[in-house]
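Visitor: Here it is: the structure, laid out below.
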Amino acid sequence: MLRVSRTKLGRLSPSLSRGLHHKAVMALRREDVNAWERRAPLAPRHVKGITNLGYKVLIQPSNRRAIHDKEYVKAGGILQEDISEACLILGVKRPPEEKLMPKKTYAFFSHTIKAQEANMGLLDEILKQEIRLIDYEKMVDHRGIRVVAFGQWAGVAGIINILHGMGLRLLALGHHTPFMHIGMAHNYRNSGQAVQAVRDAGYEISLGLMPKSIGPLTFVFTGTGNVSKGAQEIFNELPCEYVEPHELKEVSQNGDLRKVYGTVLSRHHHLVRKTDGVYDPVEYDKYPERYISRFNTDIAPYTTCLINGIYWEQNTPRLLTRQDAQSLLAPGKSPVAGVEGCPALPHKLVAICDISADTGGSIEFMTECTTIERPFCMYDADQHIIHDSVEGSGILMCSIDNLPAQLPIESTEYFGDMLYPYVEEMILSDATQPLESQNFSPVVRDAVIASNGMLSNKYKYIQKLRENREHAQSLSMGTKKKVLVLGSGYVSEPVLEYLLRDDSIEITVGSDMKNQIEQLGKKYNINPVSLHVGKQEEKLSSLVATQDLVISLLPYVLHPLVAKACIASKVNMITASYITPALKELEKSVEDAGITVIGELGLDPGLDHMLAMETIDKAKEVGATIESYVSYCGGLPAPECSDNPLRYKFSWSPVGVLMNIMQPATYLLNGKVVNAVGGVSFLDSVTPMDYFPGLNLEGYPNRDSTKYAEIYGIPSAHTLLRGTLRYKGYAKALSGFVKLGLINRDAFPALQPDANPLTWKELLCDLVGISSSSKCDVLKEAVFKKLGGDTTQLEALEWLGLLGDEQVPQAESLVDALSKHLAVKLSYGPGEKDMIVMRDSFGIRHPSGHLENKTIDLVVYGDVNGFSAMAKTVGLPTAMAAKMLLDGEIQAKGLMGPFSKEIYGPILERIKAEGIMYTTQSTIKL
């Protein structure tokens, strides 16, 4: 059984008893804060001691209280609903504000001493009703040590819970352990039953029944107070050995599997001065900001389970930050080799029991408490999300804020033993009289938070804390995060919509498209600014200087100009486009400025990178290698909207799409570098796709794929290809344009503004070398011959009106004129939708020799009268990365793409909430 000291009950302070007041009445109110609160501040034997002194004790009826009402009645208590007769009302947790009675003395845990915002309404009501509030938390002795607390039982319940949770988590990771037979603390009638279950588990451990592949288990206890001691009482029932913190590394790797290892951590074990690595306790108490914690590097990497019982104070180092968690969850080389049925742990740190329940405190990523009914959650540091399942990636977390309620009878008796010596002086409290007139001991007097309608002198600081917080809140409301979005095209809307969900973000949109920014200004709460980035560099610089972040949705050729302005003003930057050589040249300047510039955050490039890196990183975690990677992606009209010769439609300028087929491409195929020539040989590189057969797709290679062996970290790949998807027939139709010379960026004087207008018929006559006055039949015959006798290509030209009398748009070049024409002919009509299709294929060679063929499919449709599929899949990942930068989720500095888990992890999770879903499928070849 637990070694819990009990106070011998007898008469209370004689001096107080001699002053017995015949009207002094005490009441135990029932707890109503939540369904699990079954404790009371006093047990029946304490009530008996009080009634024996002649005091009247009222007991408010409660079927929820763990100790039955009749036990209190036997002890002399009077069971009744109305407790208004009492001058002292005792409880454990706060009462509802509407149930407070004026000019009474109340004692409970108020959680007001830090000006906790959630309880300031309660404090205001206490002041209004001139209630005297005694807070158990502030009942301390002359050394400042609490004399009334449930801490030991929080430690007891907490470690029982986390042992149960570890059993579940280890099972999810593929391991049955003796911890499976330990239940939650409240499943036991008393701690003795729980201790027996722990002993049984310990017996199995001592027999060597722990899985070998998980290695020795280590438990780290922070703090030396009652919480830590209570947890250690239970831990000691296991076959345990305590070691010094510096010995953890050795035992975590080479320890005896027939025992578990524990270490008790004090400040001097992990806190060091930043300048010289020394710990000075006196200096630390005065200047904690001069110190850092080495817990993340010296202790945590060798910890299986952390039992945290310390609170975090401002300016003190945290035990673990989110970045620490990312590092700790990175797969390391296990000292024990695992096999498929007996895997090694993905990382050493399996679980954290944060008994302090201090949200956002010493464990930074513990941002919300768990509950007795839902005791566990998993923190996935890569994606920075918390989920309820014990499966998947992450650290198991247990952070229940009312742990002693799980062992309510023993907690009540333990707490009552400590409170009992002070009860009589509290009974004699008369809240109608000045506090100074009361004959209180220092322990009780110093715990009075409020009396006679005002805060006690010792706690007047609470009002100052409230004022400071309110001032800070008003400042934060007035200080918004400023974002400059450059560009007002179709991608900008989902970016604006996503970011403006956060009221603390203020967006300025800069564009030279007056109509577009005016429309955006009507729809969204933005500051529209007329700006031509290429021609107004000074205006761009002044705008950038006032921002926290710049998002460039401009053509890629303008990104270096924007980046230079960001570097000069040390402002972070985001873009969806490729990191071009011109942008890459600024890498050193970006690093020197200490800013973050992230590119390739859209769809392709963007989501394709993220899906690839997630798969590659997971393969590496299990020791597999990537033998092949093929990725095709395309933005297309929905099938029902593809009824034109190109099987394609444009939602933005077609120039980039048209010029793409003129560019050469390089890829790796079965170990050989293949150079695909663009232009007239473009069709030679087009391949029919055998997936999604109902879509009848074709694809062709895009840009230089070979460089991704280094970017993705897959030098083992013998095949690397990234390409573009289109409906079958697209390539052939565009090949006709190439044959005629229409896809040409050279200046064409006949289309300049000062030239005479031309019709398409006249232009085509010129291109095929016949008189502009030739009849249509003659032109068709000449064009047909130029096309090599391809009827399909000729019909495409006719359908598009390129052999008729429609005027050619004025333009700098032939391709610009064709682009303007197609933008009108092949634009999306009302109610028409687009779609994007992506297929990533991987060949993954596992250590066993098996080859896994894995595919990832992403298919997204546009919304009728809403965002297009392309706008969503480009804009939303870009906006998410922007929000992550603003919120401090991305800490890395420099020029980068979305290749790290810090970036791609959260985005791949968050796009699902926006309806962007991808599916995976794998087959294994022996």
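All residue numbers here begin at 1 and follow the chain in the order shown.
Placement of Cβ uses the backbone N, Cα and C atoms for every residue, glycine included.
Checked Swiss-Prot, it gives:
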- S488, D512, Q516, L554, A576, S577, L603, D604, P605: NAD(+) binding site (BINDING)
- S577, Y578, D604, R703, T724, L725, R726: L-saccharopine binding site (BINDING)
- K56: N6-acetyllysine (MOD_RES)
- K93: N6-acetyllysine (MOD_RES)
- K138: N6-acetyllysine (MOD_RES)
- K333: N6-succinyllysine (MOD_RES)
- K523: N6-acetyllysine (MOD_RES)
- K523: N6-succinyllysine (MOD_RES)
- K535: N6-acetyllysine (MOD_RES)
- K535: N6-succinyllysine (MOD_RES)
- K584: N6-succinyllysine (MOD_RES)
- K707: N6-acetyllysine (MOD_RES)
- K739: N6-acetyllysine (MOD_RES)
- K780: N6-acetyllysine (MOD_RES)
- 28-455: region 'Lysine-ketoglutarate reductase' (REGION)
- 477-926: region 'Saccharopine dehydrogenase' (REGION)
- 1-27: transit peptide (TRANSIT)
Visitor: Would you mind listing, in sequence order, the residues at least six apart from K584 (N6-succinyllysine) in the same chain with a Cβ closer than 8 Å to its Cβ?
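Guide: The list for K584 (N6-succinyllysine) reads L895, given in order along the sequence.
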Visitor: Across all chains shown, how many C-beta atoms besides its own are within 10 angstroms of the C-beta of R726 (L-saccharopine binding site)?
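Guide: By my count, 26.
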Visitor: Determine, using Cα-Cα distances only, which of these recorded positions is closest to T724 (L-saccharopine binding site): K523, K535, A576, P605, K707.
Guide: P605
Visitor: Mind giving me a neighbour count for Y578 (L-saccharopine binding site)? Other Cβ atoms within 10 Å of its Cβ, every protein chain shown.
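Guide: Total other Cβ atoms inside 10 Å, all chains included: 18.
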Visitor: Using a Cβ cut-off under 8 Å and a sequence separation of 6 or more, which residues in the same chain sit near L603 (NAD(+) binding site)?
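Guide: In sequence order, the residues whose Cβ lies under 8 Å from that of L603 (NAD(+) binding site) (at least 6 apart) are A576, C633, G635, I836, M838, M870, T873, V874, P877.
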Visitor: Non-local Cβ contacts of R703 (L-saccharopine binding site) (under 8 Å, 6 or more apart, same chain)?
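Guide: R703 (L-saccharopine binding site) has long-range Cβ partners Q663, A665, T666, R722.
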Visitor: Looking at L-saccharopine and its recorded binding residues S577, Y578, D604, R703, T724, L725, R726, figure out the farthest C-alpha pair and report it in angstrom, whole number.
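Guide: Value for the max Cα separation, rounded to a whole number: 21 Å.
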Visitor: Cα distance, K780 (N6-acetyllysine) to L725 (L-saccharopine binding site), nearest Å?
Guide: 31
Visitor: Along the region 'Lysine-ketoglutarate reductase' (28-455), what average pLDDT does this model show?
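Guide: Its mean pLDDT is 93.
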Visitor: I need the least crowded one of these binding-site residues (A576, L725), counting other C-beta atoms within 10 angstroms of each C-beta.
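Guide: Comparing Cβ neighbour counts within 10 Å for the binding-site residues A576, L725 gives L725.
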Visitor: With every protein chain in view, how many other Cβ atoms are within 10 Å of the Cβ of K56 (N6-acetyllysine)?
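Guide: There are 18 such Cβ atoms around K56 (N6-acetyllysine).
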Visitor: Which one of these binding-site residues has the most other Cβ atoms within 10 Å of its own Cβ: Q516, S577?
Guide: S577
Visitor: Which of the recorded positions K56, K93, S488, K535, K780 has its Cα nearest to the Cα of D604 (L-saccharopine binding site)?
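Guide: That would be S488, the closest of K56, K93, S488, K535, K780 to D604 (L-saccharopine binding site).
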Visitor: Across all protein chains in the structure, which of the modified residues K93, K138, K535 has the highest Cβ count within 10 Å?
Guide: K138
Visitor: Restricting to the same chain and to sequence separations of six or more, state which residues have a Cβ under 8 Å from that of K523 (N6-acetyllysine).
Guide: E493
Visitor: Looking at NAD(+) and its recorded binding residues S488, D512, Q516, L554, A576, S577, L603, D604, P605, figure out the farthest C-alpha pair and report it in angstrom, whole number.
Guide: 26
Visitor: State which of the following modified residues has the fewest other Cβ atoms within 10 Å around its Cβ: K707, K739, K780.
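Guide: With the modified residues K707, K739, K780, fewest surrounding Cβ atoms within 10 Å: K707.
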Visitor: Under a three-state reduction of DSSP output, how is L725 (L-saccharopine binding site) classified: helix, strand, or coil?
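Guide: Once the DSSP labels are grouped into three classes, L725 (L-saccharopine binding site) ends up as strand.
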Visitor: I'd like the number of other C-beta atoms within 10 A of the C-beta of D604 (L-saccharopine binding site), please.
Guide: 25
